[in-house]
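J.: Structure incoming, see below.
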Amino acid sequence: MSGNTFGKLFTVTTAGESHGPALVAIVDGCPPGLELDLQDLQRDLDRRKPGTSRHTTQRQEADEVEILSGVFEGKTTGASIGLLIRNTDQKSKDYSAIKDLFRPAHADYTYHHKYGIRDYRGGGRSSARETAMRVAAGAIAKKYLATQGIVIRGYMSQLGPIQIPFKTWDSVEDNAFFCPDPDKVPELEAYMDQLRRDQDSVGAKITVVAEGVMPGLGEPIFDRLDAELAHALMSINAVKGVEIGAGFDCVAQRGTEHRDEMTPQGFLSNQAGGILGGISSGQPIIAHLALKPTSSITTPGRSIDVDGNAADVITKGRHDPCVGIRATPIAEAMMAIVLLDHLLRHRGQNADVSVATPVLAQL
């Protein structure tokens, strides 16, 4: 299986399955001398880990990360950083009844046709369990970016039919939904409680924002910053769409509304989401991602078995009724990985570039 590595100068390679003994990652390209300890990684892993509320899977994983290499006396050495998270709460017997069946809207059918063999236990490699390593690697990127004044934060902007207006970052970490409007939390909880009674699942929309990004990151033509962000965010399990800035809303906008006019005091808007011509403009980088409803639900669904016979599938096991609830730290991680990769690439080619034009203030 190829496609397990992301990035060019700052690279992340992951391995491991949902019900295997462990998940691992190799992070290459981290600059030396960065102060780094386990808590830097564990902080974000705890935000993503399962079993933290009644609205997520009840699989209990501590997700305690181990740093195997690349850090000495509390600082990165420039060598590859090896990371490991042990799986401790697998219940593979929950999946024995569907080992010869294909769950609708899941990767079972496509993995079977591509590889001729699949790990049916919890989805194997296709499980979102893999994203724990992305979060750990992304935490390293976030730590370095912070030394450059770059801060990445995300929040839930929609759950099912419920639109969530942004009010304050202060409430995002105070609830299970990463909700920026504390007044919306009771409505979200009631919706999820009913969803669980209905034995169903629902999608969500996540917004992730990077502030403090300098102008100049991005490598046209094929490595545009927005293209690589879309690639990174689309690679997250269950993501079916990515928007940068105004996104698809630009279709209904006129040029006079969409263009981000400039004054000596700064930009007057940020419809572009902080990226112009594939290069960061110095404005906040804003991305939105849409996640589909969880495929694995207990409501019976029509499918086939490996011999092509009709079958009804009832998925047991422990699953998130809304994968978007835990997706915010994953989206932050992938944005951080992309930005650090492009920061290092920009430094390698353009470190000596200097212009007299001032950097415009952010909105």
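Yeah, the Cβs are placed from backbone N, Cα and C, and that goes for glycine too.
Not my notes, these are from Swiss-Prot:
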{"type": "BINDING", "residues": "ARG48, ARG54", "note": "NADP(+) binding site"}
{"type": "BINDING", "residues": "ARG125, SER126, SER127, ASN237, ALA238, GLY277, LYS292, PRO293, THR294, SER295, SER296, ARG318", "note": "FMN binding site"}
J.: Taking only same-chain residues 6+ apart in sequence, whose CB is under 8 Å from that of SER127 (FMN binding site), what do you get?
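T.: Those within reach of SER127 (FMN binding site), by Cβ under 8 Å and sequence separation of 6 or more, are GLU17, SER18, ASN237.
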J.: What's the CA to CA span in angstrom from THR294 (FMN binding site) over to ARG48 (NADP(+) binding site)?
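T.: Cα of THR294 (FMN binding site) to Cα of ARG48 (NADP(+) binding site) measures 16 Å after rounding.
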J.: Expressed to the nearest Å, what is the distance separating SER296 (FMN binding site) and ARG48 (NADP(+) binding site) at their Cα atoms?
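T.: Cα-Cα, rounded: 19 Å.
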